[in-house]
Every structure is written in C-alpha cells, then in structure tokens.
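Enquirer: Just passing along the structure, written as structure tokens.
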Amino acid sequence: MASSNLIKQLQERGLVAQVTDEEALAERLAQGPIALYCGFDPTADSLHLGHLVPLLCLKRFQQAGHKPVALVGGATGLIGDPSFKAAERKLNTEETVQEWVDKIRKQVAPFLDFDCGENSAIAANNYDWFGNMNVLTFLRDIGKHFSVNQMINKEAVKQRLNREDQGISFTEFSYNLLQGYDFACLNKQYGVVLQIGGSDQWGNITSGIDLTRRLHQNQVFGLTVPLITKADGTKFGKTEGGAVWLDPKKTSPYKFYQFWINTADADVYRFLKFFTFMSIEEINTLEEEDKNSGKAPRAQYVLAEQVTRLVHGEEGLQAAKRITECLFSGSLSALSEADFEQLAQDGVPMVEMEKGADLMQALVDSELQPSRGQARKTIASNAITINGEKQSDPEYFFKEEDRLFGRFTLLRRGKKNYCLICWK
C-alpha cells in the first residue's frame, strides 16, 4: 500500500469507521512515515477474532512504511474499559494480568516486523508509566485536563450512567483518562501521531487527542475500524462453543480454518477485504469468477487459507487442510498424532472411554445413537465406520489396532456424524 493514499485504500476495503480531521491526516501521511499505535488490553489469556482487524491494520500501515507501536495494557487491563459494556468487569489479580500481558505480547509479535530498520515495530506496556505513578500526580497532571461534563456525555458510558441496576464505578470511569494519557505518553516517547482501534474506542481516542494537544501542543489523529457484522445479523467471531481465539491451544488451527470455510456467500468477499492482504482487484476478479463458474464459490477456501496462514503459519494451515481432507475422504492414514490432538481439542465431538468397550456401547456413549438397540440396527445396516473402515458386526469389540497412536479411535455414522474416542 502506497502511503500517500493509504486512508483512501483503507476506505475502499471498508476498514474506516471514523477518522478525525481526515484531510490533515492524509496530508501528514503524504509528508512521510509516521508512528502510530493500537492498544490491546489483557482481558483474557488470548486475543480473539475481534482483535484481528485493528492488528492487521497496524500491519497495513507498516507495509506502507510507517512505524507501528503495539501497546499491551498492563495497567489498563487492571482497571477494565467500560465502553459499551452493560455491567462492571470483574477485576483480575496483578499476577493474572501480568501472565496475560506476556501471552498477548507474544501473540502480537508475529504480525509485525520488529527488525526492518527505520520503521521497525515497537512493543510497549502502559504499566511502565502508570505502575509507579502516585494518585496526586495522576489527579493534578492528568485529571486536571478532563471535564467530567464531557466525560459523562460520551456515548460509551452514557448507557451505564442511565441504568439504575448497573451504575459505573469511579475505577472504570477513570479508564478514559488512562487511555488518553497513553496517547500523550507515546506521542512524547516515540512521536506517535495516530491511534487506531475498534469503533467502540472512539470516545477514548478523542480524549487522548485532546490531552496530547493540551500537554504537548501537538496535533494527533484517531482512526477507528468498524465493528464486523454478518449479513444475517448474528454476531461475528463467535461459534456455538464461544469466541474464536488466536491461541491454537484455545481454538485449534483446524477449527479456525473451518470457521472461515463456513463463511456465508453474502459475507465472504467483504471479509477478504478485511482480513487478507489480497488487492481489491484480486478480490473482485475472484468474485466474478465465482459468479460465472456455476459451481460452489472458491472464495471461502481462499479466505480460510489466507487467514489461517496469517495466524497459524504454513504448518498450522497444512495441518488444518490435511485434517479437513482426511475427514472428507474417510482415509485417516495421513493424520499425525498432533492432528488427532487437534480433533480431540475441538474438532469433532469427543468421548473418553475405558478399554474393553464394545462398539454398541461406544455409539451410545458418544451420542451417535440413543440406545444399544438402535446402535445394533445402525451397525447391521453398514452405516458405521471405525477409522474409515466399515464395521457391520453389532457384537464387535475394539482391538488394539483400532487405537491409533495407542490413544484414538474415530467413529463415523453416515457421512458426516463423527465422534473421537480417547482411550483412558
């Protein structure tokens, strides 16, 4: 992405919700590289899909020659952002937050280049400037510049202030000051002139712009990316099992890949613009080809491949594709022990069983059948496979060779109903 028209390019991709003084920002970008930042609060032990758009935006700016600062909120994570939250957040312990800070910093690192000369990325932590700040300094040097009248009129906290059952504590109310000071601090330390974030961060970003102007007399800017929505109105980034995480231990690469494969046709081309680095021309060409092919669209596979590679690397992508192919074909010979571990984690339903069980019992325990009687009929009708091999004997007992890697047996009823037995 060429820097001079970067904002226009982001707008073409649908990646800009709001921007302060767009003309002045475009002018500033045209003058040469800038430093910009995005903050990530450690509110869990992993980032999730909702963090991916702003994180990839940092990467887009770096590719255009700008210097990204990834700020992990070691201090703000101890407080909790009330923006558009219906209730007060639970406060986490310092040890927990510190542990999460380390994990999130490691997660952010692969997306940015920390060794590319002038525009190498920087990892920062706001605990560095808040950790030893005393309350009087905070109130005199920061609080003095904030008008409570303006703060209570910010959309992000308005709804909480108007609810009788859920007010807002002074702790969460002060979050706005902390994030505002982050911007002023990064402006002074690294010359940061732009903050990017989700659209729910607009109120916090504009506070930082005002504070930076008051403290350092510098003009700085804010840009928010939109909240990702799905065409059917359901929430993006959630599955029946909850959030889709970037940590492979919380959402396996296979499950992650499948999430993207299942994208609706109405969303897929928009998501290619949000989550990949394909050019608009390439995406439009793909859409045209899909429309004219008369076959199932290729776009979902392209999207799944691109995003899985971005988040889990080539190895994670190949494992996800291998598992997908083996489940589709029914032949399991290509699967490694690690592949089976992904399936056990969240890929297919899983049941633990003691050795010595028979097939009928396994079908009932795995909920592939409601009763032994029904299981008997289904086995006899040749509708059950064990590790891809048909089994039609209702009296069948599992043998040692059925336990792949000594641990796993994959049952299938019909074409699509799987359950993985993990032997105790």
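Yeah, the Cβs are placed from backbone N, Cα and C, and that goes for glycine too.
Heads up, here are the entries from Swiss-Prot:
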BINDING   TYR37, TYR175, GLN179  L-tyrosine binding site
BINDING   LYS238  ATP binding site
DOMAIN    357-414  domain 'S4 RNA-binding'
MOD_RES   LYS144  N6-acetyllysine
MOTIF     42-51  motif ''HIGH' region'
MOTIF     235-239  motif ''KMSKS' region'
Enquirer: Should anything in the same chain at least six residues away from the motif ''HIGH' region' (42-51) have a Cβ under 8 Å from its Cβ atoms, list it; otherwise answer none.
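Expert: Residues packing against the motif ''HIGH' region' (42-51) from afar: 72-74, 77, 80, 89, 92, 97, 99-101, 103-104, 107-108, 198, 228, 236-237, 243-247, 250.
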Enquirer: Checking distant contacts: for the motif ''KMSKS' region' (235-239), what same-chain residues at least six beyond its ends satisfy Cβ-Cβ under 8 A?
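Expert: Long-range Cβ neighbours of the motif ''KMSKS' region' (235-239): 48-50, 228-229, 255, 259.
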Enquirer: To which of the recorded positions LYS144, LYS238 does the lowest count of other Cβ atoms within 10 Å belong?
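Expert: Lowest Cβ count within 10 Å among the recorded positions (LYS144, LYS238) is LYS144.
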Enquirer: Within the motif ''HIGH' region' (42-51), count helix residues (DSSP H, G, I), strand residues (E, B) and coil residues, in that order.
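Expert: For the motif ''HIGH' region' (42-51), the helix, strand and coil counts are 3 helix, 1 strand, 6 coil.
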Enquirer: Using a Cβ-Cβ cut-off under 8 angstroms and a sequence gap of six or more, which residues of the chain neighbour TYR37 (L-tyrosine binding site)?
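Expert: In sequence order, PRO68, VAL69, ALA70, LEU71, ALA124, ASP182, PHE183, LEU186, TYR190, VAL192, LEU194, GLN195, ILE196 meet the Cβ cut-off.
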Enquirer: Counting across all protein chains present, how many other Cβ atoms fall within 10 Å of the Cβ of GLN179 (L-tyrosine binding site)?
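Expert: Excluding its own Cβ, the number within 10 Å is 27.
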Enquirer: Could you count the residues of the motif ''KMSKS' region' (235-239) that DSSP puts in helix, in strand and in coil?
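Expert: The motif ''KMSKS' region' (235-239) comes out at 0 helix, 3 strand, 2 coil.
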Enquirer: Using C-alpha atoms only, work out the spacing between LYS238 (ATP binding site) and TYR175 (L-tyrosine binding site) and round it to an integer in Å.
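Expert: Between the Cα atoms of LYS238 (ATP binding site) and TYR175 (L-tyrosine binding site), the distance comes to 27 Å.
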Enquirer: Looking at Cβ-Cβ distances, which residues of the chain lie under 8 angstroms from TYR175 (L-tyrosine binding site) while being 6 or more apart from it?
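Expert: The answer is THR76, ILE79, GLY80, ASP81, PRO82, SER83, ASN204.
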